[in-house]
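For reference, the structure discussed in these notes is given below.
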Amino acid sequence: MFNPANTAHFTLAIDGLEHDLQVLAFEGREALNQPYRFDITLVSEQPDLDLESLLHRRAFLAFTPQGEGVHGLLQRVEQGESGHRLTRYHVTLQPQLSYLALRHNQRIFQHLTVADIIATVLEEHGITSTDYRFQLGSLYPERTYCVQYDESDLHFIQRLCEEEGIHYHFEHSEAGHVLVFGDDQTSFRKLGQPTVYLPDSGMTADEPVIKHFAVRVASRTRRVTRRDYDFEKPRLLMEAAFTPNDERREPVLEDYDYPGAFSERPRGKHLSQRIQERHRADYQQGQGDSDQPRLVTGHLLEISDHPRKEWNDLWLLTEVLHHGKQPQVLEENADILNFPSPLGRGARGEGLKSSEGLESTESFEQGYRNHFLVTPWQVPYRPPFVHRKPHVLGSQTAVVTGPQGEEIHCDEYGRIKVQFHWDREGQANEHTSCWLRVASNWAGDRYGGIAIPRIGMEVLVTFLEGDPDQPLVTGCLFHKEHLVPYDLPANKTRSVFKTLSSPGGGGYNELRIEDKKGQEQIYLHAQRDWDENIEHDQRLRIGNERHDTVEANSHTEIRGEEHRLILKDRKTEVKLSDHLKVADTQHVKLGSGQFVEAGNEIHYYAGNKLVVDAGMELTASAGGSFLKLDPSGITLSGAQIKLNSGGSPGKGSGLQLLTPLTPAMAAKALAGELLDLPQANSLTKPELFTAEELADVPLEEEEEEVEIEELTQQAITLRIGVFFDGTGNNKNNTETVRQCFSPDLDMTDVAEAVREHCAKYGYDGEGSSPDNSYGNDLSNVARLYDLYLDDVAYGGGERGFKSVKVYVDGIGTLSGAEDVLFSQATGLGETGVAARVEECGKLIAQNISELLTESPEVLVESVCFDVFGFSRGAAAARSFVNELAKGTESELVTTIKSSVRAVDGFSWQLNSDCNVIFLGLFDTVAAIANPLYGDFSGANSDNVGVDVFLRDGCAKKIVHLVARDEVRENFALNSAGIDVVVPGVHSDVGGGYLPSATEKLFLSRPMSNLLSKNSSFDHVAAYQEAVEKLADWQNKGIVSSSDQQALRVVTWRKPYEVQQERDATPQEHIYAAVGVERQVKGSLSLVYLRIMRDLAEAHSVPFSPIDEADQDLALPQELQSIHEKLYGYVLKGGTGPALSASEEALLRRRYIHNSAHWNAAKGFNGSDLDIVFVNRPAQQGKRVVHPNE
């Protein structure tokens, strides 16, 4: 191995401290998703260093004089033994993150993403935004409710990362260390040059090498299935699974678990994939030993010279154990090689953990060694799930909370909010917790029992599966201030349900049951009304007496017969009038006698006849006279008897009957409705399918949501592809003239119709093409549109998934018509950026309506957008995504919503039921100019009316390919914040250049001098300046060495038009510039077409494969290896060199165009320098880049 005897020089720099401490030895371990730890042994001539002054200081342990090493804080300091002159000290170097293990907390986070939660915790510990960064390729939903319960801050962060499949590592420098979070391979940087594999042969190497390297593969889980339950969708079987789409022949070992911690199927699918990737992260793992001090976890190590060729590749360092010994710092002590165990290796056992295969620290005497673990770079790394969520053991109590001034606070499900006693940050309001479901003794479809706990009550809370994120209220409790309704134990035989009027109290309803022997009672109190509804019979038996008191009126209506039997006396007193109305006859039978007394009058009237019949005697007596009828005869007695002697009969007062009022009806309650019986399925009736039928059912990658209810309506995910083309790009116009593209098209040999057709659009058959949308080839956006699978165009579509696509014409173009120059120049107008975004919403609505008309059974439960754009079309794509983020406040979303037939409760809020899955951008150039407001330049960042700022969470995955070689002043870049810079100019990346074209350009600005006519060019300043610039261009390699005449100084003359004196020497303008005339191919854009398509497909965008037999899409042989390298480069986020020098030279010579030039609009030899050079290069030849803000 490499002999470090004279080069190993370990030093420890301690911030703010001058010291003589020298590194004697160290051991360190670092691994992905773990804080590193280095135990360092130091020696000093000072026997009494202030140990506390060293604690918490920032320090840098350098492995080499070149600066390789680790940075951290001294978190443990110990003084060891002292010799004659030197004293040993032991320190532990760890990152600031490790402090988080020393603080435990219990608190609640609400409506934050995992990244937001982690950032909050880090900032609390003084780890500011400059000390950490997130490089997340996926978007993560807000966690409605996330509890840190009985765990350290470090455990909490590590648990969240492991749940989501997020990894972290550290980047070190002498100035500090940066904590990097990522979820794909793009966050891992490559380590410099490859490290050579050189087995131990006893020879000394000239450079650090890998001495041992071995690789193993092991069995791992292949399929992951997760199931969950959402009470808001109780009839849906929430299940998601993921199996890798590879051809490995291995047993299908499944990891199935419930609950899966998701409520939406796409989220379940995402989590299942992350878990499966976690299982297989170390399916293939390498380990080795080296003396390469540059190795650090979270970086990509490239191995070279291994006899097994496929191992000479990039490997991700997942763990490194470092060892260093530097005995030369000792100038005394005979036991120079007897190094003490580093700090922590004693009885407490807190030292470093060894790893299998670690080379013994005793096997070398001095220098640096390490042992490392690696996985293939292209395998997604997911941290192992070792930090489990703490479980709540048993139940807890909490206090019901709600808005100020309210007494009852609940939602449509009767859920409440609470504040736990351990919650120090809660404010006892409506934001203290998530909504908690309240358990009931019975719950059906609009029937059951419910009693909503009120604000201030103490409730008993249990946790589903012991999960602190899933609390459930199971009861209420009395306490010292909320006393029981009746004193206890005095009234211990009473069972009571007593309520309190709300708001304000002052009244109550009560049901009380007294079970005390001899005093048994059921008591009912209604504070106001008591309504009864009995749909059939009521039977009442009272064993003793009944007492009814009605303080006001009593109303009774009997719509049938009334039967009443009184076995003893009936005593009735009416203190005013008694009114009785009998519609037919009244029959009264008295067993003995009837006695009626009226204080003034009794009046009988019969409409026809009145019969008074007595068995023995009938007497009528009044005023001393009487009439008596008895068996002895008729006795008539009076002071005077009158017969037919005049007079008149007496008259009664007549009937004045009052009828009763109809009683009010009791309040009616809505009867509950029974659930329909669930249809039989594989869960409820296994015999639904025969064994033969089940054998024919394929295992699908995409499981469907099983709708246990009716299957007549199909819930689907609607995928919408949106494609915004760039300025001057128009798919329809290009396809109109595709047959005219060949520069060798001989118009004399083709049909007259073709000649006329091509000539009409500006093609002369000799290689010239028009400078408009008819002169451009298809852009990559147009080609991706053609590849996007569309149910409207192709028909069909798998169950649970349908798609539509929309192509939006490029800015400043009209299909089948002339271009709109105003929009091309400014980005405004009817074909400008904002107008295209508005137009897009209408096109989407139209296509969706067509799809849903053909599929009436479809209900949309999820909408996923895939959005692509080039140039100003990329600006439109970004503006489109920002409009989606506004939800129904946006007219665009309202327009789309009008065409969607969605399931109940569908939310148009971004990242709920509506998501942007993939945002693919080619070189965003907004370039909005507004001359009406004095803005004449598109190069500034004042893009009025167009929002290109990409906010966190706007899309699940963003890819922005940026043109490295674009330097035009009017093509300022609008960064997306995560740009990947690739070789080529604007349209080399986004497409649009013809397959082959001749560049005839001024590469330098034409300069002129006014000289005597026919003067020689040799001594003209303009010519000399052009010659100097020619030398610069020759070094750029845009033409081959055998074709240097293609790049030359171009000169021309123009007469001086000003009137001169007759005898004056004639003068003329002499012009000079660097010119080029060369053939350039347009095939480089096809490389980026493939890269964007493949990255999008990896995020489930429905693209069809590229037909390599299609000559318009075929990649030249010399670009195929370049494509492979650039794809890997983009996949890693654009880090490290992409291509070799020879490959770069090939691209510059044949494929990369010169978009920046000094050609004037009026032609190659235009010499009027006052005209606008629209494609002029930017100042200093450096492109302006506007940040993502």
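Heads up, the Cβ atoms here are built off N, Cα and C, so glycines get one too.
Per TrEMBL, the feature region 'Disordered' maps to 258-293 (among others). Non-local neighbours of the region 'Disordered' (258-293) in the same chain are 1-2, 4, 63-64, 68-69, 138, 141, 162-165, 195, 208-218, 220-230, 232-233, 238-244, 311, 315, 318, 355-357, 359, 367-376, 379-385, 464-465, 702, 705, 717, 862, 864, 913, 915; each lies 6+ residues outside the stretch with a CB under 8 Å from one of its CB atoms.
Residues annotated as region 'Disordered' in TrEMBL: 341-360 (among others).
If you look up TrEMBL, you'll see 411-478 marked as domain 'Gp5/Type VI secretion system Vgr protein OB-fold'. Per-residue pLDDT, averaged over the domain 'Gp5/Type VI secretion system Vgr protein OB-fold' (411-478), rounds to 93.
Feature annotation from TrEMBL assigns domain 'Gp5/Type VI secretion system Vgr C-terminal trimerisation' to 495-600.
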Composition by DSSP (helix, strand, coil) of residues within the domain 'Gp5/Type VI secretion system Vgr C-terminal trimerisation' (495-600): 0 helix, 14 strand, 92 coil
Quick one: DSSP breakdown of the region 'Disordered' (258-293) into helix, strand and coil? 15 helix, 7 strand, 14 coil
